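Taken from TrEMBL, the feature domain 'Aminotransferase class V' applies to A:38-336. Taken from TrEMBL, the feature N6-(pyridoxal phosphate)lysine applies to A:K199. Marked as substrate binding site by TrEMBL: A:R346.
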Protein chains: 2
Amino acid sequence: MATLPGQLSPTPRLLLGPGPSDAHPRVLSVMSTPLLGHLDPQFLEIMTETQTMLREVFRTKNQLTFPVSATGMAGMETCLVNLIEPGDPVTVCCIGYFGTRMIDVAGRTGCNLTVKHKPWGDVFTLDELRDILKETRPKVLALVHAETSTGALQDISEVGKLCHEYDALLVTDCVTSLGCTPVELDAWEVDAAFSCSQKGLSCPPGMSPISFSPRAVDKLKSRKTKVQSWYLDLTSIQSYWGGDRAYHHTAPITMIYALREGLRLVLEEGLEARWARHVRNHKALKAGLEALGLEYIAAEAHRLPQLNAVKIPAGIDDVAGRKKLLTEFGIEIGGGLGDFKGKAWRIGIMGYNSRPICVLSVLAAMEHVLRAFGAKVTPGSGVAAAEAIYAA
Amino acid sequence: MATLPGQLSPTPRLLLGPGPSDAHPRVLSVMSTPLLGHLDPQFLEIMTETQTMLREVFRTKNQLTFPVSATGMAGMETCLVNLIEPGDPVTVCCIGYFGTRMIDVAGRTGCNLTVKHKPWGDVFTLDELRDILKETRPKVLALVHAETSTGALQDISEVGKLCHEYDALLVTDCVTSLGCTPVELDAWEVDAAFSCSQKGLSCPPGMSPISFSPRAVDKLKSRKTKVQSWYLDLTSIQSYWGGDRAYHHTAPITMIYALREGLRLVLEEGLEARWARHVRNHKALKAGLEALGLEYIAAEAHRLPQLNAVKIPAGIDDVAGRKKLLTEFGIEIGGGLGDFKGKAWRIGIMGYNSRPICVLSVLAAMEHVLRAFGAKVTPGSGVAAAEAIYAA
């Protein structure tokens with residue numbers, strides 16, 4: 001080629017979209033640590049430490065808990081393709097974009113798929129889920145815990161128990177919940193959960209922590225067919241992560257260094273303190289956004305603190321507004337997905353970025369952008385409203 | 001948990017096994033760069049730069065060239081599941097452990113699979129491949145270019161043309177060749193190739209560069225069935241990497257920073273100079289290993305310079321020998337896989353680690369280990385033999 005690209009030197013951003021969020025500086029720092037081999041005794045110890053901490057963060061004793069060597073969507077596929085065999089009755093309960101992803105992924109397994117929808121932004125009640133289980137009698141029920149496209153929190157605290165009454169396994173998408181809001185795999189009887197590295201865990205994207213309950217492992221062991229994906233086949237991968245440490249694929253060493261550091265940060269802070277921090281910063285952000293005239297999509301009763309999805313006010317252009325935030329203030333927020341394309345803004349205050357300065361910065365910058373597009377906003381009103389919460 | 005694991009601080013190693021090899025210090029350095037969003041204009045430019053450099057390194061104009069967001073084995077699965085539909089006649093030609101992997105992966109697609117074997121360490125001749133094509137008439141012929149388990153280099157320079165005479169697509173595993181030995185996708189008419197980040201490209205493991213020829217893209221476009229893996233489905237992923245930059249999954253930002261830097265290093269050096277460097281260091285290593293009485297597995301005519309697989313001498317314990325190298329000298333080499341477990345040592349002199357000091361270090365340490373286990377080796381003979389090559 002004529003000339004090579006120059007040294008990497010991006011203009012810094014503050015990542016307040018749906019993810020990636022900024023990685024914690026300590027995480028970035030460990031990523032320049034020289035490599036170990038994936039079978040080095042030192043690395044095997046790092047794997048064990050990572051798994052132990054991951055179990056704490058997932059609130060589980062599940063033996064089969066480890067990070068899949070790919071991003072969150074690969075975690076979704078791992079959970080579904082390992083627990084589903086062709087012909088199995090499977091039900092996906094969909095409340096947004098990532099629910100439609102589950103439909104697409106499950107649909108490729110040759111299962112007998114039933115899909116139940118609620119309007120985007122809404123969630124399923126326990127009674128509705130009971131009726132669905134009665135009607136569809138699935139072997140696997142899949143739903144999204146934290147729907148990143150709408151900002152809705154699907155209560156799953158009693159869904160696992162319910163599923164087990166109907167002999168179904170519960171698979172949940174915890175991509176946006178883990179490390180931000182309570183996830184209690186054992187207490188909630190969740191059978192398979194997957195998450196990501198780049199939101200509540202404050203690492204770069206690239207890994208998908210998953211956990212399988214003993215019930216899920218039993219299902220895995222009793223499969224009559226091979227898992228359709230070789231790369232995501234837990235019957236083989238568990239030989240590496242499960243104790244024998246037998247070679248399956250070359251683990252992404254540096255990403256595991258990062259995850260280990262991200263998990264250390266979570267547990268140093270403590271899960272309860274971390275969840276409370278996310279709620280506190282959410283309340284301040286919410287007060288500020290509402291003072292700026294912005295309206296949330298999900299009802300307050302089932303709203304994610306870490307992912308604030310609001311309606312774009314009439315007269316404001318989605319792309320131009322976000323571009324102004326990015327170029328003038330270096331702040332990234334997210335646009336809408338699917339049905340909400342052009343209609344929603346998504347502000348993520350997740351992990352390391354769930355901090356007052358992030359809340360105040362985005363409110364101040366947002367106010368500037370709204371006014372630039374002609375919105376009637378009292379100067380300083382967003383920041384003042386947030387400040388009132390912090391002062392309380 | 002009782003106490004958290006401490007700060008990450010592994011004892012440094014010199015990674016001279018089959019991979020990962022040491023990442024180049026410049027690569028490690030860019031990995032602490034703060035994140036960008038996966039749809040940030042700055043990141044989209046980094047993607048374009050990475051793809052442009054990757055095409056240079058693969059020696060191809062293939063539009064569909066990008067790194068899969070997972071390790072090399074996911075690249076293998078990507079190539080196979082995207083080009084194969086249920087019932088398709090497929091032939092895998094196997095010369096070692098990674099050939100058996102191709103059999104396993106292809107076997108999960110529902111294709112009509114034929115497998116042809118040669119003894120491990122051997123390779124197929126062009127005449128043999130012609131006969132196989134005539135007999136099996138596959139839509140896809142898959143083979144490994146650089147067989148990491150045996151150290152054999154399968155000449156594929158005329159195999160693509162041959163496959164096209166028989167209307168077959170050629171899929172090749174370039175995991176251990178790319179960045180070390182010539183890979184000429186266009187000149188060799190290869191239809192789909194995959195590699196990894198942690199060998200010839202001197203990055204951490206975690207990405208799998210792939211490239212699809214226009215013929216392969218045509219096949220992809222004319223599929224009648226959905227690709228069985230959602231995560232690896234190129235019909236969707238190419239909307240992100242192929243121009244629209246539409247969201248598919250969250251790209252592993254930091255790993256792409258790393259790959260971009262690794263590719264810059266390859267192209268700064270120049271491919272021909274890099275290949276020559278690997279040959280030169282191989283010749284020195286080979287002289288040294290032979291002086292120490294070690295015998296190569298693959299015949300000289302088809303031997304990989306970057307991956308030196310030798311027979312473990314009688315009387316030397318595989319695991320104890322490697323453990324001694326690791327604990328006393330901090331040097332990692334690889335054991336044997338599959339048929340060669342306990343019988344082979346594999347010494348990788350790849351990418352950044354293809355340096356005289358790595359060659360001399362491993363020879364000196366190896367001599368010490370061999371003598372410790374009772375082998376009759378003249379002190380300094382390995383290093384002296386290598387020195388003679390360097391001095392020539």
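Using the three backbone atoms N, Cα and C, a Cβ is placed for every residue, glycine included.
Just so you know, TrEMBL annotations never went through curation; they're auto-generated.
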Since the record lists A:K199, A:R346 as recorded positions, which of them has the fewest other Cβ atoms within 10 Å of its Cβ?
A:R346
Tell me, what is the mean pLDDT of the domain 'Aminotransferase class V' (A:38-336)?
97
Cα distance, the residue listed as 'N6-(pyridoxal phosphate)lysine' to A:R346 (substrate binding site), nearest Å?
14
